[in-house]
Amino acid sequence: MSHKITLTQFLIEQQRGLPDASGTFTLLLNNIVTACKKISHLVNRGELIGVLGSAESENIQGEIQKKLDIITNDIMVNELNWTGHLAGMASEEIDDPIKIPDQYPKGKYLLLFDPLDGSSNIDVNLAVGTIFSILRCREGIHPDVQDFLQKGAEQVCAGFVLYGPSTMMVLTTGHGVNAFTLDQDIGEFILTHCNMQIPETTSEFAINMSNQRFWEAPVQRYIEDCVRGNDGVSDKNYNMRWIASLVADVYRILTRGGVFLYPLDTRNPSKPAKLRLMYEANPMGFIIEQAGGLCSTGRERILNIKPDSIHQRVPVILGSKQEVERIMQYHQQG
Ligand code: F6P
Ligand code: MN
């Protein structure tokens, strides 16, 4: 019988390669894994345990929360606030950074997360996920918002768990991207996809077409050229996919290439873009770049943005390298 590498073995072997590593980071990731296994179980049980539907409350983004947005946020907080590895946390669902309770020791990392990405899909039984990003923090301090406002390029680790037909964890610590599939029988994530690489070229795009009239000119022109295919200036015909769960769209791009756009739009002047820099764009940007792709606003590299607020939104264009470069050229042309 072939030996299967568990996520725990993978992390410990990676840690052995770093002589200065104390093991704290490996323990922190194990706590994140436990939280995500709990979330996977709840999402899978769905209506059997009455967790679907709206909570009828609004989050900081002005979005109506699902019951599972709140439950999964609480799971993340309660699985991670006691560990001693974190100095603080920030969640897409909570207005201010989450403090570590006084009775627990503080650690050297900051954790940012979107506890249930794509939650509008939960009631229709489509894939959702948890996205997380880990930053360093000066030890022994009570971090304030400023301590979280680091560029994406500073991330120590980024990952997401996709609750789809299989539950999968996709992870990078800056040495490539690996994916692990949850073996429900033994309760362990098993390494199934080593060193994922995004194909450089693609003929598949993902965008919410219903916003078309609100986009900027460069995005209008790019999508028009995709849709016209080889009847227009493109040398190929394009296919389109839109799952409306960033985790699922990004996982597709990691496996077969493609480009994903959530561009600037003029629908609501107070919300010029939809995705959140700290909880969505930065972790996905780190993963996509580590798999050989690009992640940009159309004008600049997402990971180079110096955040000015913790719930900041950014336009996101990510995926196959050559296609993102092509979209950036459309932006340069104005
Ligand atoms: O978290 C935001 C999100 O749900 C992403 O997962 C997804 O890519 C996007 O919003 C879907 O947006 P829309 O509902 O506009 O299609
Ligand atoms: Mn989200």
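Each Cβ is built from the backbone N, Cα and C atoms, and glycine gets one as well.
Note that the coordinates shown come from a computational prediction; the quantities given were computed from them, not determined experimentally.
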Handout entry: Further binder of Mg(2+) 2 named by TrEMBL next to D114, D117, taken from the candidates E280, E289, E300
Key = E280
Problem - Of N44, N178, N208, N230, residue recorded by TrEMBL at the substrate site of D117, G118, S119, S120, K274 - result: N208
Completion exercise
Among E92, E139, the candidate listed by TrEMBL alongside D114, L116 for Mg(2+) 1 is E92
Handout entry: E92, D114, L116 excluded, remaining Cβ within 8 Å of their centroid (Mg(2+) 1)
Key = D69, T72, N73, S91, E93, F113, P115, D117, S119, T130, I131, Y279, E280
Exercise for the section: Other than D114, D117, E280, which residues of the same chain sit close to Mg(2+) 2? List them in sequence order, counting a residue when its Cβ is within 8 Å of the Cβ centroid of the site. Expected result: E92, F113, G118, G129, T130, I131, F160, L246, V247, L275, R276, Y279, P283
Exercise for the section: Out of the binding-site residues S120, N208, K274, E280, give me the one sitting nearest to D114 (Mg(2+) 1 binding site) by CA distance. Expected result: E280
Fill in the blank from the handout: Rounded Cα distance, in Å, between D117 (Mg(2+) 2 binding site) and K274 (substrate binding site) is 13
